[in-house]
Structure formats: C-alpha cells, structure tokens
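Q: Sending over a structure as structure tokens; questions will come in a sec.
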Amino acid sequence: MGEIYSPSQSKGFNQPYGYPMNCNLSRVFMEMTEEDRKCLEERKYWCFLLSSITTFCASMILVVIWRVVTHLCCQRREKEFVEPIPAPEAVQINMNGSKHAPSETDPFLKQQEEKHLGWMTEAKDWAGELISGQSLTGRFLVLLVFILSIGSLIIYFYDASFQNFQVETCIPWQDSPSQQIDLGFNIFFLVYFFIRFIAASDKVWFLLEMYSWIDFFTIPPSFVAIYLQRNWLGFRFLRALRLMTVPDILQYLNILKTSSSIRLTQLVTIFVAVCLTGAGLVHLLENSGDFFKGFINPHRITYADSVYFVLVTMSTVGYGDIYCTTLCGRLFMIFFILFGLAMFASYVPEIADLIGNRQKYGGEYKGEHGKKHIVVCGHITYDSVSHFLQDFLHEDRDDVDVEVVFLHRVVPDLELEGLFKRHFTKVEFFTGTVMDSLDLSRVKIGDADACLVLANKYSTNPDAEDAANIMRVISIKNYSSDIRVIVQLMQYHNKAYLLNIPSWDWKRGDDVICLAELKLGFIAQSCLAPGFSTMMANLFAMRSFKTSQTTPDWLNLYLCGAGMEMYTDTLSHSFVGMTFPEAVDLLFNRLGLLLLAIELKDEENKECNIAINPGPHIVIQPQTQGFFIAQSADEVKRAFFWCKQCHDDIKDVSLIKKCKCKNLALFRRNTKHSTAARARATDVLQQFQPQAPAGPMGHLGQQVQLRMINQQSSTSDTHLNTKSLRFAYEIKKLMPSSGGRRNSMSIPPDGRGVDFSKDFEQQFQDMKYDSTGMFHWCPSRNLEDCVLERHQAAMTVLNGHVVVCLFADQDSPLIGLRNFIMPLRSSNFHYHELKHVVIVGDLEYLRKEWKTLYNLPKISILNGSPLSRADLRAVNINLCDMCVIISARVPNTEDTTLADKEAILASLNIKAMQFDDTLGFFPMRHQTGDRSPLGSPISMQKKGAKFGTNVPMITELVNDSNVQFLDQDDDDDPDTELYLTQPFACGTAFAISVLDSLMSTTYFNDSALTLIRTLVTGGATPELELILAEGAGLRGGYSTPETLSNRDRCRIAQISLQDNPYDGVVHNTTYGAMFTIALRRYGQLCIGLYRLHDQDNPDSMKRYVITNPPAELRIKNTDYVYVLEQFDPGLEYEPGKRHF
C-alpha cells in the first residue's frame, strides 16, 4: 500500500500525488496543483449540503404554517357567519317552489367566497394547464425540462471525468463556463419548480416527491457556489433520475403506442437512471473519503469506473478489480445491493423478454414497393394456417406474388413457428389484434390488397365465434372503409349482421363464406347427384396430379379429376360471335378445356351476371370472362391466346402461345357481325328445340302461347275438363296483373278473366313459389301436422325420398337446416320432381329449426333416433335416394376422434341392416313422347336395396381422420389425406375442412364463390339474402312473368347410361363423342362421370368420381354422367296424382 496523507505532514503535500498509491487505483491521475491543495485544506461541502436541507425545511415549514393559518381562519369565518335558523313566518317560497330564508349577509358571504376561491383557483388552474401533457405548451415545457436536465447531467459528467478533477474546486464562478451554463439551467428549473408547486393540490406531498428532492439538492448549491467562489461536485448526478420521464414524453409525442413498447421503455429508463444515480453516489463518497476521519482516505475513481462497479455488483458477479475502500461507500453499497439485486433480477429478464419478442413479432410490416400483401386474422392455429397456405401458395396458381401477413394476439407455438419459417419468403407474423387501430397500422391494413378473417370451424359456441369475427370486420372497416374483406362465418343467420356495416359492399369484393350454408348445400346437391360434393370440393381446392404406374386405375382417374381446379380468364377474339355450345365444343375437343359458364354484362344496370351453361341463344361477346375447369392456370391461357388463323392447324395444345399476327381487323369484324351471329344462334336454337327439352324463356313463351290458344278454343264449353283447368291456371300465373307486379299473398291478382273455385285454388296451393321465384313455397304449417309416428311412417309409401338422420338435442346449436332443404326446393325443378325429405331426429330441436322450414313443401318428421333400426325401416331407408347423416351437437374438444362417434355408429348401423327384396315404383308418366335424358324423374322403377351397404349415403364428419372408420373393407392408411380416401372419392363422406380452400379461391377470383354458391344453394340471390336477413323467412308471391323467368336456370343432374339417354352413345364410346352429342343435341354440359369401383363385382354399388375426364376415355354402360342442364318447361305437374 502507498503512503497515506495526514494533516500532521507538511502543509505543502509532500507526496507526489495528492492521494495514496495502491492497487485499487482505477487510473493514473495528474499531479495536483498548489491551488487545488490549498482549496482542499478547508472544505466547504457542508455549506452546499446545508443550503439544500435548509431550503427543504424552510419550504416545509412555510407550507405547514400556511395550512395551519388557513385552517384557523376558515374555522373562525364559519363561526362568525353561521346563519341563524329563520322563523317559520320568515321563510319565503320563491317562484320555482324552493324555500330560502332572507338574510342581509347573503351578498357578503358570496363576495367572500369569490375572493377566497378567485386568485388561488385561477393561479392553480393556470399552472396546471401550463405543465399538463394535454396542451401543446405543457408538452413543450415537459420536453424542455427533460432536455435541460440531460444537459445539466452532461455538464456533471464532464466535471466528474476531467483528468485532475477534485470533489471541491476553488475556481471562481465567473471563470467557469460549466458553472455558468448550469446556473442558467437551474434558474429555469427553479421557475418550473414554482409552477409545479402552484399546480400541486397537496403541497406537503409535492415537497416529498422524488423530483422535488432532485431540485432541492441541485438548485440551491448552484447559487451558493457564486457566493463561496468555489464549486462542489455534490448531488448533481440526481439529474439522471429525470430519465424516468422518457416514457411519458414519448407518449406525448405519439412515438410510443403499444403497451409492450411503453413497458420496455419504462424498465430500461428506470434501470439506467438507478445505475447512474448509484454510480454518482459511489463516485462522490469514494473520492471524498470519510468525513469523520477528516477525509484522509479518499479513493480516486472515475465516474465511468463507478458505473462499471455498480453494474458488476448488482449482477452479483463482483470481479474485485474495483471496490469501495471508504466506510461510507461500503455502508451505501450494503443497502444498494439489497435494492439493486432485486431490481436487476426482475428488470433484466423482463427487458430481455420484451426485446426478444419485439424483435420476432413486433415492429411494423415493411413490404417491398409495388408488391401486394394481404392480412389474415381471426382463428390462427397450425391447422388453419397450414390448410390456408397449402392452397394459397400452390404451384398451380399463376405467379402468386402476394405476401401473407398474419396478425394474432397469441405468440405462435413451435409447430406454427416452424411453418412460418418454411415459408419465410412469403409469410410474416405479427402479434396484435385487429381490434386495435395501432396494430392495424403496424400491418399496413390501409395498403393491403385484402383482409381475410378465419373462423374456428370446431367452436363449441358458433354464434359467439361469428360475433367475434363480425366485430373484427367492423374494426377493420372502421379503420379503412375501402379495404376488401373476406370473412368466414359459421351460421347462416349471422350473415345479416354484416349488412348493417355501412362500408360493407359486395360490389367492391367484400364477401362472406358461410360454412353452414355451403356445407349443407354441398350435401343437398349430393342428394340430387351423388358424389357431386366431392367433385366441387376438389374443384376449388388446389391439388397436384402425378400419374404412377403402381397406382390403381380407378385412383389414377380420380386423382386426374381431383387435380382439376376452377379458373377464370378472358376468351380470345376468335371466340367472338360463337354461341356458347360452339365455344364449349371447340374448347373441349381442341384445347382440352371445359368451359362451365361465362360472365354476361348488363350495360343498363352496369352489373355482371354469371350464366352457367346458358344455351345456344347466348353469343360470345368481346372481352367475355369464362369459367374453366383445368389442371393449371397455364392451360387456361390457351383460351386467351387461341387464334383461329395461327393455331387452327396445331395439334399439340402445349404449342398454343401468344401469336404475333395482328388481328385487330378480325376483332372488329367479329364485333361488327355479332348481330348476325345472334341471328344464327336463333336458327341453331330452333334446330335444337325438337330434340332438347331444355330451352330459354322464349321456349316457355311458346308453351304459354299454345296454352292460350287451347284456352280460347275451350271457353265455349260449359264445363271445363281437368286439363283445361290446368292450362288456365298456368295462364293465370303468367299473365301480369292490371296493377303491375304483385307479390303479396293477401291480395290476389285480378283481371284473369277466369273464375276458379276454392277447391281448385286449394288444389294448386302447393305449387306457389317464393317472392323471388327461386324456390318452391307453401303456406306455413304447424310442426305437429308434419310429425309422423312410427306406424304412420311405416304405412306411408315412401320411395325416392331423402332421409336425414339428425343427431341433436334440445340444447344443440342451430345448424340451419334451411340451407339443406332450400337447394332441394329450387324452382328449376317441377313440383313433382321434388324429393320428399324425412327427418329422423329430436322433435324439440326441430321445433327451434321449424320457423325456417315451415314454408318449404314436402317435409316430414319422425320423432325418433337415427340409431334405431325400427325408425329407419319405418321411413323405408332401403328405398331412399339418399341417406344423410349429420350432427348438430357440440363436438368433443378433448378427444377429436370421438367427435364423430354418433355419425360413424349410424353409418355402420345402416350398412349392417338387411331388407326384403321389394320393389319401389316412381309414378309413371302416361303421356307419350320422347324420353328425357334425365330418366328417373319421368319413368323409372327402383329396386330397393337388399343390404345396407347398397343404401346411398353421405356422412358429415368433423374430424378428417375419422373417415377411416366409415368403410371397413377399404385399405386406406389412417394418415392418408381426406381427399385420397375411398369414402371421400366415392362421395359418401364430407368434412367441413374442405371448405378452407374457399378463402384463397375467393381472394384470387371473387366470381368463383358466386359460381359455387349458385351451383350449391340452388340459386340464392342478393334479393333473397336481404329478405332472409329480415328474419321473417321466405315470403310467398303470386307468379308473374318476372318471377317465373327465374326458374329458367341451370341445374345439376346425374344420368344413368343404362337408360340409353343419348342416341349413338353406347358402351366403349369415347367420352369426347358423348360430350359433343349431349351438348349439341340435348343442350347438356357433361362435367364428369360416376363410375363403379369394382366393375367385375355385379353386387358392388361403390362408385367414385371422375371430374372432367379426358376426351379419349372410354365410357361404360354402367357409368353415371354428371351434367349441367337447363330448366325444362315442358314437364308439367299432373294434379290427379300424388307425388312424394
């Protein structure tokens, strides 16, 4: 150890250094000057310290005295001006009825109160407004105080870090620029202190605040330094505590907006402020020495080393290279460690956690210039995200240059995080919620191309899930009304709430995917054409097809169709002037594309309508948008590039690319002669009419004209026969009323010229349609009138009907059975073609659903159990056209494999049943005429299934993996994807998960969802959506030409080739030849086959779906053909027969 200086030594400090030389020196300092030694002989630190303590004590005493005097004066004033209780006769009643006692002291009291409250209140309000962060002046003042505090702290750092610094210096004030600047800062701090003092409601607590102590220990010493002509380093380091106001200042400036950023800033500033303050006190105590020893043991240490020492000590590392040697310093460190260790252990991990999370999923989205992005929110899990990304980023999509931004409040788990990392070039994730506008701004929702809201399909409370998604849409639309929103909803009746959002606009691209509506619609269409649900599900899902020689033939054919998708593109100029069948034939046979529909532009209403297989009366116009079925988007480009001049002789369709010839004149010529093409289309239509029952509304007008002639020829007879009455009734429906269009059921249209009896009106009561003409309608019926007992059902001749096995109880949420029944009641079917629907389930649950079903005809209910074989036999399940197994119960969330236990048990129960070898007959048509290709609705006798395995059935599943339990004889791997399993390929199973692909399909092509909804729902229109949104259900209306014209629309059908429906089509005919014959002669558009799985087993009824087979495929006489056919107005209802 070096020598220690003591007062007994020479006065001139004989030591070469003013302090001892030892191993704990932090650095080498310059030799003290003679002036520094003389200055330190007589220390004046106590003057600076005493000024701070005196200022505080004086301020506190003055505040206490003021409070005591004010309290005494108030008590005395209250005693002097106590109002005497007035006598009863002195009490007066004023005009408003209240009582008061007149007193001469009233004005004086009021004046005293105003004086007392006047200047004090005004001064307090003025000071409070001046320092408030709500005003611009207050924000500026707070920011200025912080800047000057940091400036004062920087001056302290300079003074404490100077090489030959001393705790006390005798430099005169006028010779020290740092003291002069610091004094100016302290004058401003003094003014700010008085403003805060005036604004404080409690003066005592104000004096005890931390920032007040900072002012007490920094402002008075700067004035004392002028008087003493010396400076003391003192407690100026306390200005570092002003750093804790940084979060408030940044919030005033709207820089900090999220709770995590605010908390992170608070933790960092508190930690830094405490470290700097503690280091300042260690620096002061060590460099001063112990005061009770006469400051003979100072420890020279710089401020930077003090900060290092404090951090190392707080972290409990303690290297020992620097330590405290003075007793005061050690005592301080004992207490500082207790506080600092607790703060270090709690603050540092939280800071690290906030910084780590912020770096991962915080911040803002920074997209590339010119690159689109979408925001996906709602139910974000591994399953929902993986299904979405698998379809959205599929390789078959044409140049998907869109980034996907996921926004969710929960940090992704490891599985989901790994999925994001695999798609890191296309996907980003941010923590937050769309309910917060700050989070919406972080993901740049205003610049996004669309926002997609996903729903939890397995939610135990569907209505609550829909309400949450609707609130998300409201928040998004409130932030940016122009953003396109695509939202998933569980229940159909919740769609109405979206219409209440002012900025919700279907024309702008906003759309809702109702899972219950589409799920039940798919199942309903499978009742009309078994397997159609599988075909449509494969069409809007992106799947790749790869052939393999080891794969069975049936699976290759199925996978070839499963790889097909629905695309849209513009037809080239070479198609302009062609009729729709001509364009379809050319595209299929020459280009290998299947054209399903086109977009028709309504110039008057400036709207576009989708026409599905519209028939030969529609002519292709320039820039017509087509809806295609193809393997990829590149294949669809052939329709856009095809040129008759350049590509007419090309056999290899892969060579059809953009040609270099200039066809502008040809394009104009095609446009010019579009009128001539329409005339040619009329000739083609007349050529098609004798053979094809389907036709446009012009055909229907011809039928009406013939009926009017028949009616005129029969009016001379006194008694009308039944056929004449039927013709007259059709005339009554078609003729417009004198008062215009009427849809009200309360006022019958007049002016018909024919008198009908009440019995006749009652007889045709069940033939009415709803007000839009899109669905069959009947007057509301009581539930009890449609309930069948078991013995009643057994005695009823049920054949060709639909049996719905519904698992539900009284507390089950509504699934919207109307969405299942309405497609089966579409008006493009005649009344006698409607399949009777028998629901087997709980009556109390159906009572809740009945208010949406009582206007739909041909519905019966059997109050029983779908697992009861007696109930199933009573409804003739062996003679039904389709058995549907669905469940309304809340799925099991603990074990997903048990979610479908009832549906699986019901399916296996039916398959294990055996039936008598009975025959069921459909009503035979007595009129002669050509046989319709539809076959079954006109003339067919159906043999009942002898075994339950032959009963046509479709089962709804919640969990995809449970499909392995439906077929016990298949060889599907339990890990096989749903679309690769036999039950799904055969159309006997349907899961709601297949609808996940609709989100990306709708985003890339907003018209695709309209096309799918039109095919699936039977023709739901926006007008009908508004009617149902009112909550009153379907409304009936009298038939008018406008409403009846809505019947003329396309429908799905399944035709058996065993009935030889097409002339010239026999066994082993190519599919392409059958396609052309069906299209040209019958106006039917073939879209697929339903083929037997085992051709060698005559007892096997299992079939699989082939979507859009290749033209060279050979058909078999056992195949069923999926066709899109037009409405046939020639099939009329015969009142003399009963139909189910």
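Placed from the backbone N, Cα and C atoms, the Cβ positions cover glycine too.
As annotated in Swiss-Prot:
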{"type": "DOMAIN", "residues": "371-514", "note": "domain 'RCK N-terminal 1'"}
{"type": "DOMAIN", "residues": "799-953", "note": "domain 'RCK N-terminal 2'"}
{"type": "INTRAMEM", "residues": "300-322", "note": "intramembrane segment"}
{"type": "REGION", "residues": "520-540", "note": "region 'Segment S7'"}
{"type": "REGION", "residues": "797-817", "note": "region 'Segment S9'"}
{"type": "REGION", "residues": "984-1004", "note": "region 'Segment S10'"}
{"type": "TOPO_DOM", "residues": "1-44", "note": "topological domain 'Extracellular'"}
{"type": "TOPO_DOM", "residues": "66-139", "note": "topological domain 'Cytoplasmic'"}
{"type": "TOPO_DOM", "residues": "162-178", "note": "topological domain 'Extracellular'"}
{"type": "TOPO_DOM", "residues": "200-203", "note": "topological domain 'Cytoplasmic'"}
{"type": "TOPO_DOM", "residues": "225-228", "note": "topological domain 'Extracellular'"}
{"type": "TOPO_DOM", "residues": "250-264", "note": "topological domain 'Cytoplasmic'"}
{"type": "TOPO_DOM", "residues": "286-299", "note": "topological domain 'Extracellular'"}
{"type": "TOPO_DOM", "residues": "323-331", "note": "topological domain 'Extracellular'"}
{"type": "TOPO_DOM", "residues": "353-1140", "note": "topological domain 'Cytoplasmic'"}
{"type": "TRANSMEM", "residues": "45-65", "note": "transmembrane segment"}
{"type": "TRANSMEM", "residues": "140-161", "note": "transmembrane segment"}
{"type": "TRANSMEM", "residues": "179-199", "note": "transmembrane segment"}
{"type": "TRANSMEM", "residues": "204-224", "note": "transmembrane segment"}
{"type": "TRANSMEM", "residues": "229-249", "note": "transmembrane segment"}
{"type": "TRANSMEM", "residues": "265-285", "note": "transmembrane segment"}
{"type": "TRANSMEM", "residues": "332-352", "note": "transmembrane segment"}
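In the displayed structure, how are the listed features positioned relative to their neighbours?
A: On the 0 to 100 pLDDT scale, the domain 'RCK N-terminal 1' (371-514) averages 91 in the predicted structure.
Only residues 6 or more beyond the boundaries of the region 'Segment S7' (520-540), in the same chain, are considered here, and those with a CB under 8 A from a CB of the stretch are 561-562, 564-566, 629, 802, 815-817, 819-824, 835, 881-882, 884, 886, 952, 954, 956, 979, 984-987, 990, 994-995, 997-998, 1001, 1008, 1012-1013, 1015-1018, 1051-1054, 1087-1088, 1090, 1103-1105, 1107, 1120, 1122.
With helix defined as DSSP H, G or I and strand as E or B, the region 'Segment S9' (797-817) counts 0 helix, 6 strand, 15 coil.
Long-range Cβ contacts of the region 'Segment S10' (984-1004) within its own chain (Cβ-Cβ under 8 Å, at least 6 residues beyond either end) map to 374, 384, 387-388, 391-392, 397, 450, 452, 454, 457, 486, 488, 511, 513, 515, 518-519, 522-523, 526, 530-535, 537, 540-542, 555, 558, 562, 566, 953-960, 963, 966-967, 978, 1012, 1090, 1093, 1102-1105.
Secondary structure of the topological domain 'Cytoplasmic' (200-203) per DSSP, as helix, strand and coil residue counts: 1 helix, 0 strand, 3 coil.
Counting same-chain residues at least six beyond the ends of the topological domain 'Extracellular' (225-228), those with a Cβ under 8 angstroms from any Cβ of the stretch are 44, 47-48, 173, 179, 183.
Through the fold, the topological domain 'Extracellular' (323-331) approaches residues 24, 282, 285-286, 288-291, 297-299, 309 of its own chain, all at least 6 residues removed from its boundaries and within a Cβ separation under 8 Å.
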Q: Taking pairs 6 or more apart in sequence, does the count of Cβ pairs under 8 Å between the transmembrane segment (229-249) and the transmembrane segment (140-161) hit 3 or more?
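A: Counting Cβ pairs under 8 Å (6 or more apart in sequence), the transmembrane segment (229-249) reaches the transmembrane segment (140-161), since there are 3 or more.
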Q: Test the contact criterion for the transmembrane segment (204-224) and the transmembrane segment (332-352): 3 or more CB pairs under 8 Å, pairs 6 or more apart in sequence, then answer yes or no.
A: no
Q: When secondary structure is assigned with DSSP, how many helix, strand and coil residues does the domain 'RCK N-terminal 1' (371-514) contain?
A: 51 helix, 33 strand, 60 coil
Q: Establish whether the number of Cβ pairs under 8 Å between the transmembrane segment (265-285) and the transmembrane segment (179-199) reaches at least three, counting only pairs separated by 6 or more residues.
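A: Since fewer than 3 Cβ pairs under 8 Å link them, the transmembrane segment (265-285) and the transmembrane segment (179-199) do not come into contact.
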Q: Below 8 angstroms Cβ to Cβ, which residues of this chain, lying six or more residues outside the topological domain 'Cytoplasmic' (200-203), approach it?
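A: Non-local partners: 63, 66-67, 124.
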Q: Under the DSSP assignment, what numbers of helix, strand and coil residues are found in the topological domain 'Extracellular' (225-228)?
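A: DSSP classes over the topological domain 'Extracellular' (225-228) add up to 4 helix, 0 strand, 0 coil.
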